[in-house]
Every structure is written in C-alpha cells, then in structure tokens.
Amino acid sequence: MSQVRHDWTLAEVNALFALPFNDLMFRAQLVHRANFTANEVQVSTLLSIKTGACAEDCKYCPQSGHYNTGLERERLLEVEKVLTQAKAAKDQGASRFCMGAAWSNPKQRDMPYIMEMIQGVKGMGLETCMTLGKLTADQAQELAGAGLDYYNHNLDTSPEFYGEIITTRTYQDRLDTLSHVRDAGMKVCCGGIVGMGESANDRSALLRQIANLPEHPESVPINMLVKVAGTPLENVDDLDGFEFIRTIAVARIMLPKSHVRLSAGRSRMNEQMQALCFMAGANSIFYGDKLLTTENPEANADMQLFAKLGLKPEQRGDVSDEAHEAAMAQAIQDQLEPALFHAAV
Ligand code: SF4
C-alpha cells in the first residue's frame, strides 16, 4: 500500500486508469489513508512575483510572450511588496508561500532580490517555494543556501506529447533542472497539466515519468488546462471530468507519500467534482490569490467547502504554529456563521 516504486511500466499505469471508477477510488483512498491523516489538506498561497513576457512558448500559458492574451506585464515585484503579501497569506492560514516568476530562467542580476524574498518569507515562519524556470546547478545551490524549501518545475506532459506543447525548452532541460534542485537538497514540486489534447496514454506516461524519477517529488500538482483566449490551446476539446479525477487517483496510488495538489482549473470545478478529487487522494490546494477577505470570494468558497466536507488545513510537522491553526480554524468558523462574518469585514 505504501510501497514507493520507481519501476512503473506503462501497461501497469494504463491498467490502473482502466479500473472501474469505484475500485480506483477505493484503492486510492486506501493508499491515501495509509500514508496521510485523512481529511487534512495542505494549503499554499501563490503570488506572481513577475508576470508575463516570458520567452518560452508553452502553448497553454497566458504569460508567454509568444501569444497575445491581453495580460498586463509586470516587472519583478519589490521585496517589500512580496513580504506584505506573505504576511497576509500567513494571517489567512497558509503554511506555504509560493512565488512564481514568468522567466525562462532567473538572471544573475535578479538573484539578490530573490534571496531577500526567500529569507524574508522564511523569517515569518512560512515554508517557501519558488518557480523561476530553468536553473543551473549553481543557481539551485544559491537558492538552497538562502533557505528555499521547495522548487516547482513541472514536466507538463508525456515526453512523446511534449513537442506539441513547448518547442523552446526540451524535456531533458526539465529533467536536468529537477536533478539540480534535488542535488542542492531542496524539496521538489513537479506535476503536469491534463486536458491539453493529449491522449490517455500520454496521461499515463506523464505519471510514469514522475513516479520513475530517482526520488518522488514531495508535491505533485495536477492541473486541468484553463483555456485562455489568445493561447494556441484556447479551443482544445474539454477533458471529461472523470478522466481528471482518475488522473488524481492514479497519481495518489503511484506516489503514495507525495502531496497531490488539486491545482489550476479548480476554480472552474463545482464542489462535487472537487470533493471527488479529495476522495481520489488530492490533499493540497492553492488558497485564493487575493488575500484580503472582502476581495476574496474564492477563498471564502474554499472555506465553505472545507466546512461542508469536514476538511482541515494540514499543519507543518516541523513547526508548531498555533496562530496558523487558529487563523484557518477561524476562517472556517466564519463560513459557518455568515452573518457574523459579513459583520466583521
Ligand atoms: S516557462 Fe512558465 S511562464 Fe514561461 S511560458 Fe512556460 S509556463 Fe508560462
């Protein structure tokens, strides 16, 4: 049940996908409960620290400079602004603060600011995660030296389908960055995107690649494509929701000790679909993106769903942080008492 394997064959993965839905869900739940506390979901907050004008051509991405999506470009945020957002995230109950920059790779001139951000966010008692594109071995060492806990770098899809989605960076580039991150001692966040027009075999092959890495990533985001007007994938056919839920369940079984994150696309899923994703073994989410409660209906909806499903935010094992737990518990309680909540904001 808890066996961590790195030798999955494609036939084995396809066989998991082909199980009757309830059998697959049952197996995923068994694996989940053998490895995690049931009904706990790790909560992260994501901030874009540099938006748009990316040199890469990822066909799903509104931040690519190759496509005109009307996205407003922003330069690298000032360190102080990042720290203000991190403080707000902590006050709202996030345990990890993820910072993403739309870069092919970080430039050396940006590294001092990046270091300051990491040190400042970490100093608040939050876990830190960054996604900055391709890294050299030296850059990975620098980030680890500054105290970065996690680095996100996705494989996106299967090696076979990859060339249909990105031409400016190779699959091997991604694998190299992942090994630099590991070698530097950081934790790895690595997943992919489904619903990009890939085949069922590609979904199996993506999960196989991730599970057969030398070490399983600690976090595995499974994203449902959000079709953005102006990107080449804006008109791709929708993926059946059950196929997405199956992908989460198979990821849970193959990556028994990893957090599987229900990631992009969640805001377009109804509560019932999200509940099935949690049942399939998803145990991590991004919580809101605008952190002031009055401006944050998405975060409120998340707390309502947590309350309805009896889910609780997961606590960091290495840090005792009662304030964090209290903040999240209060946010959930607020959802149970809407009148009180609205009076308070
Ligand atoms: S590298 Fe990242 S930001 Fe740049 S186009 Fe690809 S997904 Fe978007």
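Keep in mind that glycine also has a Cβ here, set from the backbone N, Cα and C atoms.
Site annotation for [2Fe-2S] cluster in TrEMBL covers Cys129, Cys189, Arg261, and the matching candidate from Cys98, Cys277 is Cys98. Of all the binding-site residues listed (Cys129, Cys189), Cys129 has the fewest other CB atoms within 10 A of its CB. Cα of Cys61 ([4Fe-4S] cluster binding site) to Cα of Cys98 ([2Fe-2S] cluster binding site): a distance of 18 Å.
Of the listed binding-site residues, namely Cys54, Cys98, the sparsest CB environment within 10 A is found at Cys54.
In the shown protein chains, 25 other C-beta atoms lie within 10 A of the C-beta of Cys61 ([4Fe-4S] cluster binding site). A Cβ distance below 6 Å to any atom of ligand 1 is met, among the binding-site residues Cys54, Cys58, Cys61, Cys129, Cys189, by Cys54, Cys58, Cys61.
Annotated [2Fe-2S] cluster site Cys98, Cys129, Cys189, Arg261; additional same-chain residues within 8 Å of its Cβ mean position, judged by their own Cβ, are Ser44, Leu46, Arg96, Thr131, Tyr150, Asn152, Ser219, Pro221, Ser284. In sequence order, Gln42, Ser44, Cys189, Gly191, Ser219, Val220, Pro221, Ile222, Ala282, Ser284, Ile285, Phe286 are the residues of the chain that are 6 or more apart from Arg261 ([2Fe-2S] cluster binding site) and have a CB within less than 8 Å of its CB.
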